[in-house]
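> Attaching a single structure in structure tokens format; questions to follow.
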């Protein structure tokens, strides 16, 4: 559960990274594919080479979903309801992959904004990406 302090930290962090979120999402996705190669199985039709337009494009979608969740932090489930349906009913992505991608996103944020990730903000962002992953897998059966 995100505390009031966590919510404030997440909103402030996304306020600082918001304009670069798309680039960060692409880098996080690429990092996930390199670090956890088993995650590539969900993207057999993608060009998975470094700097691929498909990775950047999907990474931007991931980042936009995170921004949307941050903008609606009091109702993440409502904000991501359609995306949750998509992942549960059509894509059927293994839930562990959301944790892996969330971790990679935090690593990329830390690399680009090292002073932003104080221990408190890091903990809040970690709880936030876990909350997003929980929402995205809530409709799995």
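Along the chain as shown, residues are numbered 1 onward.
For all residues, glycine too, the Cβ spot is worked out from N, Cα and C.
Below, the features straight out of Swiss-Prot:
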- 1-141: domain 'Globin' (DOMAIN)
- 58: O2 binding site (BINDING)
- 87: heme b binding site (BINDING)
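Could you give the neighbours, burial and distances for every feature on this list?
For residue 58 (O2 binding site), applying a Cβ distance below 8 Å and a minimum sequence separation of six or more within one chain yields 25, 26, 29, 43, 46.
A C-beta separation below 8 Å, combined with a sequence spacing of at least six in one chain, links residue 87 (heme b binding site) to 93, 136, 137, 139, 140.
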> Could you say whether, by DSSP, residue 87 (heme b binding site) belongs to a helix, a strand or a coil region?
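Note: residue 87 (heme b binding site) is helical by DSSP.
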